[in-house]
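Student: The compositional bias 'Basic and acidic residues' annotation in TrEMBL covers 69-78. Residues or ranges marked as compositional bias 'Low complexity' by TrEMBL: 79-89. Taken from TrEMBL, the feature compositional bias 'Polar residues' applies to 95-108, 122-132. The domain 'BED-type' feature in TrEMBL is assigned to 15-70. Taken from TrEMBL, the feature region 'Disordered' covers 69-132.
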Amino acid sequence: MAAKERIPLVEKRGKTTSVVWKYYGFAESDVNQVDIVCKLCYGVVAAPQGNTTNLFNHLRTAHKVTYDETMKEHREKPSTTPASSSQTSIHATLYNATKYPTSSQTQGDNKRGNFFPRQRPVLSQHSEQPRL
């Protein structure tokens, strides 16, 4: 990537929990902090709503050594979001799901306990036999 004009950069305002932000800043004149600038090559990187995926991708493709160091630091950094012990696992949710009652009209003759209604027969134009 070609070297761009070296302009003074300011840090991102607000909460920055990702280690990748130490390699990015904003031009002093960018008061709304819209254009994210790489501190290594001064290239502008798109990252809608502060999403860091593109920031990591830029480091990976343009600054491989820095990317490797950042990923090592990223893996070692403890999570800032506490694990929720009150959230039900997907296995428990599916296990506790309510099946159709066997008396349900939508289940009909299907006694296997499926969660979906049976397929209704369609009459063919050329025969009297229903087609499934």
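Glycine is no exception: its Cβ is also placed from the backbone N, Cα and C atoms.
Keep in mind that this is a model prediction, so the values were computed, not measured.
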Student: Using a Cβ cut-off under 8 Å, which residues of the same chain at least 6 positions beyond either end of the compositional bias 'Basic and acidic residues' (69-78) come close to it?
Tutor: 18-20, 23, 56, 59
Student: Per-residue pLDDT averaged over the domain 'BED-type' (15-70) comes to what?
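Tutor: PLDDT averaged over the stretch: 91.
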Student: Helix, strand, coil residue numbers for the domain 'BED-type' (15-70) per DSSP?
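Tutor: The breakdown for the domain 'BED-type' (15-70) reads 25 helix, 9 strand, 22 coil.
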